[in-house]
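See structure below.
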Amino acid sequence: MARIGDGGDLLKCSFCGKSQKQVKKLIAGPGVYICDECIDLCNEIIEEELADADDVKLDELPKPVEIREFLEGYVIGQDTAKRTLAVAVYNHYKRIQAGEKSRDSRCEAVELTKSNILMLGPTGCGKTYLAQTLAKMLNVPFAIADATALTEAGYVGEDVENILLKLIQAADYDVKRAETGIIYIDEVDKIARKSENPSITRDVSGEGVQQALLKILEGTQASVPPQGGRKHPHQEFIQIDTTNVLFIVAGAFAGLEKIIYERVGKRGLGFGAEVRSKAEIDTTDHFAEVMPEDLIKFGLIPEFIGRLPVVASVTNLDKESLVKILSEPKNALVKQYTRLFEMDGVELEFTDDALEAIADQAIHRGTGARGLRAIMEEVLLPVMYDIPSRDDVAKVVVTKETVQDNVLPTIVPRKPSRSERRDKSA
């Protein structure tokens, strides 16, 4: 047992040799002692090793082709958006690693600035789902925020720093990991200012929020309230550097296509000019021709657009794509509902024309892929109510008439077993 002096009254740390008077705390074990300073040192060593293990290694990071292939398994269509996201994420971590190498070598190197992403496209076409699916693949902190809840500092609503808090929480409050994470800001079109011209009055949920987002998009040392909510002077803040945080902002931008058409339509003037009808533009990807001036006219400020150099657009989903979404992805809706019915011992089947009818309804409602689940819930509600209470059903078949004419699905009765037939005859 570690003791000091002839009397052996003072105990000492078995690792550093300091006496109990030289340290704040001495913890005893079976025949050994350890002081608080040695415990702190051990914790630091463990944290450093864990941090090194969590760092994204370039050779371990999926290549753009691999990222796109993973997205293909869950998201139908939107090939351009998949490629853009895959390249942006890969380059984001290459840039971070290049910065770390230049700091280690202490030599003058080319500074690589980040390229945040703006995603445009109609509602229900997969913008949010693409980001959520991407999060499954990457071992990095990932947070999704809603721009509609944000207001300028000092007004009722959420500060922009609360977006960073979600990222810190996703990293289990490991600020170092959070500083290399990804933030997806949805509904960014809702913070467009109310008119193209700068307003004299304050626009606290529009232009004011855009101004507040500028610094964290570009890269700054932000102070984040650890419990969220508004800042007040009598609280400690979490400091986070957003220089290496990749931002993906997205919105439906309803009405932007008209602005694009007005600009593109002006090309059809004079002899030999190519004249395209509005229908021709609308049937293709009208967001593919977006220019910064279109976004400014929509209501985004030039400084905000300048911090989003990469623009990716998603297109309206046609009938064929919606049918594929229903049945082909790994977690397709048909597979999900089939599994639900299997748990009750019943087989579920959709005919091909039933899937087409569901896709037609989604197009008619204008809800895109997001509306498919609601339609299927309506179609299956009667049988999902009855089936759990019945033991005579083997199969449920959903047809085109079930979807279009509110006809009940076809019920295929279960054949009684030999013992049941014997009991019945007895």
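One is the number of the first residue shown, and numbering goes on along the chain from there.
Cβ coordinates are placed from backbone N, Cα and C, and glycine is handled just like the others.
According to Swiss-Prot, the features are:
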- 1-54: domain 'ClpX-type ZB' (DOMAIN)
- C13, C16, C35, C38: Zn(2+) binding site (BINDING)
- P122, T123, G124, C125, G126, K127, T128, Y129: ATP binding site (BINDING)
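In sequence order, S14, F15, G17, K18, V23, L26, Y33, I34, D36, E37, I39 are the same-chain residues whose CB sits within 8 A of the CB centroid of C13, C16, C35, C38, the residues recorded for Zn(2+) being left out.
Taking the Cα atom of each, Y129 (ATP binding site) and C35 (Zn(2+) binding site) are about 51 angstrom apart. Note: T123 (ATP binding site) has non-local neighbours A252, T367, G368, R370, i.e. same-chain residues 6+ apart with C-beta under 8 A of its own C-beta. Using a 10 Å radius centred on the Cβ of C125 (ATP binding site) and all shown protein chains, the other Cβ atoms total 25. Taking the centroid of the Cβ atoms of P122, T123, G124, C125, G126, K127, T128, Y129 as the ATP site, the other same-chain residues with Cβ within 8 Å of it are G121, A252, V314, G368, A369, R370. Burial estimate for the binding-site residues (G124, G126): highest at G126, by number of other CB atoms within 10 Å. Nearest Cα neighbour of T128 (ATP binding site) among the listed binding-site residues (C13, C16, C35, C38): C38. K127 (ATP binding site) and C13 (Zn(2+) binding site) are 58 Å apart (CA-CA, integer value). Mean pLDDT for the domain 'ClpX-type ZB' (1-54) in the predicted structure: 78.
C16 (Zn(2+) binding site) and P122 (ATP binding site) have their C-alpha atoms 65 Å apart, to the nearest angstrom.
There are 18 other CB atoms within 10 A of the CB of C38 (Zn(2+) binding site), with all protein chains counted.
Candidate binding-site residues: G124, C125, G126. Nearest to C38 (Zn(2+) binding site) by Cα distance: G126. By the criterion of other Cβ atoms within 10 Å of the residue's own Cβ, the least surrounded of the binding-site residues C13, C16, C35 is C16.
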